[in-house]
Amino acid sequence: CFIYLCIIICISWNKDQGFIACGGEDGLLKVLKLETQTDEAKLKGLAAPSNLSMNQTLEGHSGSVQVVTWNEQYQKLTTSDQNGLIIVWMLYKGAWYEEMINNRNKSVVRSMSWNADGQKICIVYEDGAVIVGSVDGNRIWGKDLKGIQLCHVAWSSDSKTLLFGMANGEIHIYDNQGNFIMKMKLNCLVNVTGAFSIAGIHWYPGTEGYTEPDCPCLAICFDNGRCQIMRHENDQNPVLIDTGMNVVSIQWNHCGSVLAVAGFQKSSTQDKDVNLVQFYTPFGEHLRTLKVPGKQMSALSWEGGGLKIGLAVDSFIYFANIRPDYKWGYCSNTVVYAYTRPDRPEYCVVFWDTKNNEKYVKYVKSLISITTCGDFCILATKADENQPQYVLVLCNSIGTPLDPKYIDIGPLFVTMTKTHVIAASKEAFYIWQYRVAKKLTAMEINQVARTRKEGRERIYHIDETPSGTSDGMLDYSKAIQVRDAFNYRLAIIDLSGVLTFFDLDTRVADSTGQQVVGERLKLERKDVWDMKWAKDNPDLFAMMEKTRMYVFRNLDPEEPIQTSGYICNFEDLEIKSVLLDEILKNPEHPNKEYIINFEIRSLRDSRALIEEVGIEESSQFIEDNPHPRLWRLLAEAALQKLDLQTAEQAFVRCKDYQGIKFVKRLGNLQSESMKQAEVAAYFGRFEEAERMYLDMDRRDLAIGLRIKLGDWFRVLQLLKTGSGDADDTLLEQAHNAIGDYFADRQKWYVINAVQYYVQGRNQERLAECYYMLEDYQGLENLANSLPENNKLLPDIAHMFVRVGMCEQAVTAFLKCNRPKDAVDTCVHLNQWNKAVELAKDHNMKEIGSLLARYASHLLEKNKILDAIELYRKANYFFDAAKLMFKVADEEAKKRTKPLRVKKLYVLSALLVEQYHEQMKNAQRGKVKGKSSEATSALAGLLEEDVLSTDNRLTDNAWRGAEAYHFFILAQRQLYEGYVDPAMKTALHLRDYEDIIPAVEIYSLLALCACANKAFATCSKAFVKLESLETLSPEQRQQYEDLALEIFTKHCPKHTKKSDLDGLLEGGEGKLPTCVATGRPITDYQFWMCNVCKHCVQDQEISNYNFCPLCHSSVT
């Protein structure tokens, strides 16, 4: 504690920089800073000594300093005194100086508060004046609340709301612009009589997250001891507390998990009051009571990390260390700890493997506690906010959930053994025998067998009267006594930190003379916050008292060790502790420095004795104080000196079978230096052991040692630097092991894994590296270099399949004589032509059925074009053509885009032409000898007749394309003004009534004839139209009316007529038709398309680069 001559009135601890400001009478204002000395490496955390690195007196106030408050974001200190003087102090070159001064001279400042981001300050005066200013000293707004005496102010975490505390105990809610919203309902003052005032308002801003969603964070306390904690300013169901004392000050800790309430209590035995600090959770649960000496406590303030609290009492500042009840545990070299984050509503639970320095993170909602034992831990959580159900989740040491168990009792206390989990509420406890895949000792198996008969889950109520049923339900029966068969002592730490012990085996007589089981032992310790029994000795335990660790043997303490660590494990005369305070300052990056091992005195003494007086004398001391750890210490010391007899005896005493075998093996060695090398290797001094082997010219042993250690880099080095030839097999093994080392770390590159696999001739791993590097050329080269039917070829082929490289995959499959897999690959990658080719080459008959099945699958999904493409790629041109004709017919029925329909018919016809060519080629291959081209073509046509069932497709494949070609050509000629060619082209359409509806054909012909003044042709077209059965009576009437209108004006006969017109009108012309103009070709010379076999007049073809019908190139 620190002493000043003046009475201290207020204190405030800067959470970020650690400065402490205290104000008092006669203008006292000081800024202090406590800093931890780091001279001794082992002393960290609270156990490390602290000193004042700053103790500056700030001069400027003449009256009593009544309010001090920090702006942590901008490193400013704001203070005010009884005269209304406000001073803002700033830090400059390590000292505090005045930055701004303000004095209203009318009233005294009662409270000041900076908002959460440090941008605004709200100042309230006793006379009702309110001023809100900015961090740079500008006034934002002011308000005078008439007839109101103000005494407190608080900002909400989002800076949208202000709370004003009145001298009469009322609290008014305003918005951040000074507009009144409502009065706060104070549930804690119901049925309270007499005068009272507000002792403190503190609204935790959520900067470090919340212990659970919707956690209470607004604390309001009155001097009569009544307190309420609210979730928000309008909370209708706040947490209510009666502290039972006169309160002077309250404050939340840095993360809103503990509320400290300072005050005093009237003592019935003493004349003076007793100063107390009560600690509560946000849900009103009382945690601890701290008694503080002195006459009158005036204020308190938390340190930034929540590990210290400063108390202003009279002219003293007392500092108390806080030992938080962290949610943590230790299992299987893993420290499990939980903390809150402002960006997430859940707890962040970290599983930190201290051996490998790896951590695994999981987020757990509504975490209640963490309990550990052996290799497992239990996370107790709430199942759902709306339902009163809880979950015990069994996890392994990396946080993987193994078995969740839902229970209906609140697990306020949870403990676990190697076989059972026990959870207790205030009135009942639950026992769960959990099962994990782990070996148990014979004694544990017997214990499990006994309890299994009673069932895996049981619930016991603390009352004598049982409740519940047994038919398939959890059994409620009276409480039973459960204790460890080995540990007959029970240790209890109560709420005030007093440690007491009970001996459960002792039988003593009570005051009435009756024998009772159990006795309270005389040992009692105060200020205890942690203790742990030794796992292997019931007479040993370690406990934490303030910042000291005591080890007790048979209730006698050893000299204390300065530390503030939480005890993880006590085994083999060693205590492992973790500095959780330091870890949770930066929980995302735990440091191995914060794990500390302590040896107890008997181990230290034994080690010193062995070093100073020798092995023989030490063995007598260990005989008198036996422990397996001490015998192992002796065995190790004897090994160092090659005293094999003593070493063997010591290994026998500590039941170390491997040690006994090692000593036997040492005894069989002749060379002393060989023994020393083996001992060096046994103790992990591998460099020394290797050097000794090499000095003995035993490179083989040095290599064997490195192989056991898995240090293949050194093995390779030793193999290459030796004088003799290296063993090729061993060299390959070393190269492959180094390749594995790089591959495990995803270092596949040529300079890493690939290089060593090449040297190690490990083709299997080399293929994997090429695949991971996406070096498919290297993979292909490797496949080509492998002999036929190599076992690696199928794997390489599958690698090619996975990346869609069909040709390489097929080559690999064929090389290992797996043609079916090659065909399947082609099918899978949609290379059907290749699949059909392979199937034919290898006489596989199922390809046709497979193709048909896949095509039907596509057709079911209405993917007709995909099915056409499938058939086309597989060279099934006739099937593709049939489907394409179907598509073209359907498109024609829609009567939308004639050009698209023509294109579809052209594609269909082209597929038929490919089919014709395929048939001819097939027959050409079959016909041997000197047969002519005509013979093979004829044979192909004959086979077509046999195979094809649809003559329309094979014989008249181009009819659909011709029809739409002339239909489009006639309209184009008509619109371009060539009415006579348009009419002649339209006359050709009369042959295609099965493709284009007759009404459209004769409508177009009538139009063209009328435009050409060929009224005889026009008249015939109208006669045809009027006789169509497909027309409705209205449409027929319209045609008759139109014909009447035309032919009353024009006589239905030609004014001019040529022989060619007669040929066209008669429809008997056998002359070929020019597909460019629509005219019959009368010349002997004309151009014929190689693909569609249609003709164009010689003088016309010079205007075209492509066939007007099928669009193939004009050659």
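Residue positions begin at 1 at the first shown residue.
Each Cβ is built from the backbone N, Cα and C atoms, and glycine gets one as well.
Just so you know, TrEMBL annotations are computer predictions that nobody has curated.
As recorded in TrEMBL, the features of this protein are as follows:
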SIGNAL    1-18  signal peptide
DOMAIN    8-323  domain 'IFT121/TULP4 N-terminal'
REPEAT    58-89  repeat 'WD'
DOMAIN    328-481  domain 'IFT121 second beta-propeller'
DOMAIN    488-599  domain 'IFT121 second beta-propeller'
DOMAIN    630-721  domain 'IFT80/172/WDR35 TPR'
DOMAIN    955-1053  domain 'IFT121-like TPR repeats'
DOMAIN    1072-1114  domain 'IFT121-like zinc finger'
| Same-chain Cβ contacts of the repeat 'WD' (58-89) under 8 Å, 6 or more residues past its ends? | 9-17, 19, 21-31, 96-114, 117-118, 121, 123, 125, 135, 137
| request: Could you pull the average pLDDT for the domain 'IFT121-like TPR repeats' (955-1053)? | output: 85
| remark: Its residues classified by DSSP, the domain 'IFT121-like TPR repeats' (955-1053) shows 73 helix, 0 strand, 26 coil
| note | Across the domain 'IFT121-like zinc finger' (1072-1114), DSSP yields 4 helix, 11 strand, 28 coil
| Counting by DSSP, what is the helix, strand and coil composition of the repeat 'WD' (58-89)? | 0 helix, 18 strand, 14 coil
| query | Do you know the DSSP helix, strand and coil residue counts for the domain 'IFT121 second beta-propeller' (488-599)? | reply | 7 helix, 65 strand, 40 coil
| request: Could you put numbers on the helix, strand and coil content of the domain 'IFT80/172/WDR35 TPR' (630-721), residue by residue per DSSP? | output: 74 helix, 0 strand, 18 coil
